[in-house]
Amino acid sequence: MNNYTSVKEFILLGLPHTEGLENMSFVLFLAFYLFALLGNLLIFVTILASSSLHTPMYFFLGNLSVFDIFFPSVNSPKLMVSLAGQSRTISYQGCASQVFFYHTLGGIECFLYTVMAYDRFVAICHPMRYTVIMNQRVCTSLTVCTWLGGCVHGSILTFLIFKLPYCGPNEVDSFFCDIPVVLSLACADTSLAQMVSFTNIGVVALVCFLLILLSYTRIVLSILKIRSSEGRRRAFSTCSAHLTSILLVYGPVILVYLRPASILWMDSVVQVLNNVVTPSLNPLIYSLRNKDVKVALRKMVTQMAHPSLL
C-alpha cells in the first residue's frame, strides 16, 4: 500500500471559525474530555464494585463506559495539541490509525446499542425467562461479537481508503482524519471507495437502527398492556436513558455520512458533539436517570470516604 503513496504526512486544518478562540476552545475541550474519562471510569468502577449491578443490563452499560473512554481518546488529544499551538501534522500511519479506530469504535457503538435494546426487550417482554435467556454465556458472546464486528467494520473501511494513492495535496479539512475529507485528497478515482464506504456505514447503521426499532416497538406494545400507571412508568424509565443515548448517536451518523452533500461547518459541529460532548454526557444520562446506579455510586463513595464502615 505505501509503495503507491508519496504523501508521508497530512496537515489537519482544525476547526473552522476558531481563529482567536484557541485558548478558550482548548480549555472547553479539555474539560469535556476529562469529564468523559473520569465520569465513565467512575461508572465502570461502580459496576465492578457493586454486586447489585452484576446483571446483564449493567454488564452492557460497563462496556458502554469502556467505549466512552476509548472513543474520545481517538481524536481529542490531537485536537487539543493543535489548539495549544503545537504541530498540526499527522503521519500517514497516524491518519490511517485515526480512521481505523474511529470507525471500529463507531461500529462497536452501533452493535452495542442494538444488544442493549435486545436486553431491554427480553427484560420487559419476557421477564420470567430473562435470567435464562440473558445468561452469562449469552452476554459474553454478544459482547465479543460486538467488539469483533466493530474491528471488521473498521478494517474494511481503512483498507478501502488507504489502498488509494495519495500523491499531491495533504491538507485535511477537519480536525481529524475521516473518510470524506481524506478521500478528497486521493490521486485516483474514489467512486468505488465512496460507494462501498457509504454502503458499509449505511448498512451497519440501518440494520442496527431497524433492530433497535423492532425491539422498542415490541417493548412499547408490552408496556401498553400493563394495567397500572406505576408499572408503565417504571417500565418506561428503564428504557429512557438508552433511548436518549441512541438519539445522540444516530443523529451525527445521519448528518455526516448518510446525506448526499457535505456542509463543512455543520460536519465540524456534529463531529465535535459526537467525538467530545456525547461521551461526556453518557455518565450523566445513566447515573442521574438510574436509581440503582445512584444508590451504588453513593454507597461506594461513602465506603471510600469512611473505610472503617466496611
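Note that Cβ sites are derived from N, Cα and C of the backbone, with glycine treated the same way.
TrEMBL entries are annotated by machine, without manual review.
For reference, TrEMBL has these:
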{"type": "DOMAIN", "residues": "39-286", "note": "domain 'G-protein coupled receptors family 1 profile'"}
{"type": "TRANSMEM", "residues": "26-49", "note": "transmembrane segment"}
{"type": "TRANSMEM", "residues": "100-118", "note": "transmembrane segment"}
{"type": "TRANSMEM", "residues": "138-162", "note": "transmembrane segment"}
{"type": "TRANSMEM", "residues": "201-224", "note": "transmembrane segment"}
{"type": "TRANSMEM", "residues": "236-258", "note": "transmembrane segment"}
Contact set, same chain, for the transmembrane segment (26-49): CB under 8 Å, 6 or more residues outside the stretch: 58-59, 61-62, 65-66, 68-69, 72-73, 76-77, 79-80, 83-84, 276-277, 279-280, 282-284, 286-287, 293, 296-297, 300
Remote residues contacting the transmembrane segment (138-162) - C-beta distance under 8 A, at least 6 residues beyond either end: 1, 56, 59-60, 63, 96, 99-109, 111-112, 115, 118, 179, 182-183, 193, 196-197, 200-201, 204
